[in-house]
Amino acid sequence: MRHRSLLILTSVLTTGALTLTACGSRDEGKGGGDNAGGTTTVVIGVDAPLTGSLSALGQGIKNSVDLAVKTANKDKVVPGVTFKIEALDDQAVPASGQANATKLVGNKDVLGVVGPLNSGVSQQMQGVFAAANLAQVSPANTNPSLSQGDNWGKGEFKRPFKTYFRTAATDVVQGKFAAQYLFRDAGKKKVFVVDDKQTYGAGLAAIFSAEFKRLGGQVVGTDHVTVKETDFSSTADKVKASGADSVYFGGQYPEGGLLSDQIKKTGAKIPVMGGDGIYDPAFISASAEANDGDLATSIGYPVEKLDTAKKFIADYNAAGYKDPYAAYGGYSYDAGWAIIQAVKAVVDANGGKLPSDARAKVTEALGKVSFDGVTGKVSFDEYGDTTNKQLTVYKVQGGKWIDVKSDTFNQ
Amino acid sequence: MHELPQQLANGLALGALYGLIAIGYTMVYGIVQLINFAHGEIFMIGGFGALTTYTALPSGTSLLVAIPLMIVGGAIASVAVATAAERFAYRPLRGAPRLAPLITAIGLSIALQQLVWQFYPDAKKAVSFPEFQGESFQITESLQIQRADAFVLALAPLCMLALGLFVSKSRSGRAMQATAQDPDTAKLMGINTDRIIVMAFAIGAAFAAVAAVAYGVDKGQINFEMGFILGLKAFTAAVLGGIGNIYGAMIGGVVLGIAESLSIAYIEEIPGMQQLGGGAWSNVWAFVLLIVVLLVRPQGLLGERVADRA
C-alpha cells in the first residue's frame, strides 16, 4: 500500500506535534497593581499553572500575590515604589516554566518571583534565576532537594541555589506526618502506595513508605499511574486484591480523585490519603462518588482558623476575584509579602532609592526577612526553607474537607 | 491470578470505549483516506454537548430518562461540529496534497480544544458529569461489573450491529461502500459522493458522542483535554484492527484495552520484569503491541478497507 508509510509517518509526527502544543503558553492578561503615584515600578513575577487541570491552584496563587501587591500599594508600604505583578502561565509543564523564567529575568523591573506550583517545574527554573541573581519564593514546592540538594536523603544538606526560597514546608515533614497520622491516629497497618512518577508525587510516596515501615506498618503493594490518564480500574483492582486497609497516593488531585473513586467502585471501602497535591475542593467535586473518609495533609494550619488570616480572607473576598484562593493562597500572599519586605529593606538601606544591583540585594535581604504573615511567622532558614513547620490533616466529610488534626512537626 | 476475570472485564470495557471512538477514524479514512486528527475533539465536544443537555433538564431527572436525551444532545453537538469541519476545513482541500488536510486537522483539533476551554463555563478544569449511582453487578465472587462498564459493554455491540446493517443493507450504506472503493466511478454512477462523505463524518461523530456519554458516566467528570489521549488511543485501535475496517476498529479497541489492563496487573509478576509493569508501563506495552502487529501484519488484525471485501 502506497499510503502505509505516510500513515505511519504522519501518526508519529502528529503525536510529536500534539505533545509539543501542550507546551504552548497563554497569557492570561496581567493583573496590575493600582497606581499609587509611586515614581519607581517594581514588578513581582508570578509563575503558576493558570490554565489546565491545576489551574484552580494556579489562579489562587496569582490572585493572592496580586492582593499582596495591591495592599502594599494602597498602604504605601515602600514609599516611592509602586508594585506590579507579571503573571505567566506554565501549565505545570517544566519547559514552559523555564521559558517563563527566562522571560522574567529579561524584564529588569522584576526583582522577585513567586512560584511555581510544581516542584518539577521549579527544578527547571532555579538555575535560570540563580544565574541572574533573581530571588524566587515558591508558595507550594515541597520537594526537599530543591533547597537541600540531591543528597538530602543521605543527610548531606547543601543548598544548591542561593536565590531559592519557599514558604511551604517540605515533603520530608509532610510524608512523615502523614505516615504517623495514618499509623498511630487512624490505626491503619497495611497500606498500598501509588504515585504519579512526578518529582513531587514519587518523592512524597517514598518518604511516606519509609516512615510507615519504620513505625511497624506494612506496605502491601505499590503501583504508579500516568498523569492525564483517567482509567485506573486495573490499579484499583490490584489494591482490592492486596487486602490493604488504606491507600497512600503521591500525586495531584486530578488523578487522585479518579483513583479514589475507582477504588471505591471496586467495593474496597478504604480511605485514600495524599499530600497537599490532593487537598483541593476539586479532588471531591471532580468525582461524583462520595470521597468521604479520604485524608490529606497540607502545610500550615487551616487558613480559615488562623486569626492572622482573617484580614486576608476578608480582603480576598472583597477584591472579587473569580477563583478562590485555594490551597496555597495564604502562602502565596506571604511569599509576595516577603519580597515586598525585602524590597523595603533594600530601599530603606539605600536612602529611599533602589540600588543598581537591586536583585542581588533583594535576594540577600530575603534571607533575613521576618514578619507575621497570613500563615504565621514568616522567615527562612539557611537553606531558604520556611521556619514554619506547622501541618494539618484534613478529612473528606459530607463532600467537604474538614481539618482533623493540626500540629507542629518535630522529627 | 484470581483477579484475571476482573482484569479482562476492565480491559473489555476500556476497549469497547476505544472501539466506539475508533469508528470515526476508520470510516473517514476508509472513504477519503484522511486521518481526521480532530476526531478526539469531536468526542470531547460530544461530552460537553451531553452535559449541556443534562444541565438543561429539570433537576432530579432520572438517569434512565436523561441518558438517551444526553446521547442525542451530545450527538447533535458533535455531528454539527464534524460536518462543519468537513464542509469548511476538509472539503476545500480535497484535491490538495495529503499533508494539507492532515495539518488542518491538527490545527482544528487545537482550535476546538481552546474554544471549549475559553467559552464553556468552568471548562478550564475538569467539570463533573452525572454518574451512575448504586452498587455494581456482582457476577461471581471475584468478578463485578460497574454499572457504567455494563452500559458501554451493552451499547458498543448494539452500535456495531446497527452500523453493520446500515452499511450492508441500506441504499446509503451501499453507496458508501461504492464511494470507498472508487469515488470517481461512484460519482459517474450517480452517487452524490459529497453527501456520502458528510455521512461518514456524521456517523463517526455520533459514535464518538455515545462514547463520550459512556466515558462521562463512568468517570463522573469530563474535561477539555480528554480528547487528546483517548483520540490517540482510538486511532491506535483503528490502525491495530486495520484502518478502514469498521469491525477492525472494535476488535483493535478491545485488544488494546485488554492489553493495557493485563499489562498493569501481570507484567510485574513475571520474574525479572518487576520494574516493567504496573500502571506506569501500560502505554509502553500498548504501543509495543501496536508496533509488533504492524511489523508482523502491516494491514492490521482484520485487514484494511472493509469495502473492498464487501
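Cβ coordinates come from backbone N, Cα and C, glycine included.
Just so you know, TrEMBL annotations never went through curation; they're auto-generated.
What TrEMBL records for B:12-32, B:39-57, B:63-85, B:97-120, B:150-167, B:196-216, B:247-267, B:279-296 is transmembrane segment.
Using a Cβ-Cβ cut-off under 8 Å and counting only residues 6 or more beyond its ends in the same chain, the transmembrane segment (B:150-167) has close neighbours at 12-13, 16-17, 19-20, 23, 67, 132, 137, 173-174, 176-177, 203, 207, 210-211, 214, 217-218, 246-247, 250, 306, 310.
In terms of C-beta pairs under 8 Å, the stretch of B:39-57, B:63-85, B:196-216, B:279-296 lying closest in packing to the transmembrane segment (B:97-120) is B:39-57. Tertiary proximity for the transmembrane segment (B:196-216) is limited to same-chain residues at least six positions away from its ends with a CB under 8 Å from its CB atoms, namely 17, 20-21, 23-25, 27-28, 30-32, 36, 39, 42-44, 46-47, 49-51, 67, 70-71, 74-75, 77-79, 81-83, 85-87, 91, 129-131, 148, 151-152, 155, 159, 163, 166, 172, 175-176, 179, 186, 222, 226, 230. Where the transmembrane segment (B:247-267) meets the stretches B:12-32, B:39-57, B:63-85, B:279-296, the count of C-beta pairs under 8 angstroms peaks at B:12-32.
Residues 233, 236, 239-240, 255-256, 259-261, 263-264, 267 of the same chain lie 6+ residues outside the transmembrane segment (B:279-296) yet bring a C-beta within less than 8 angstroms of a C-beta in it.
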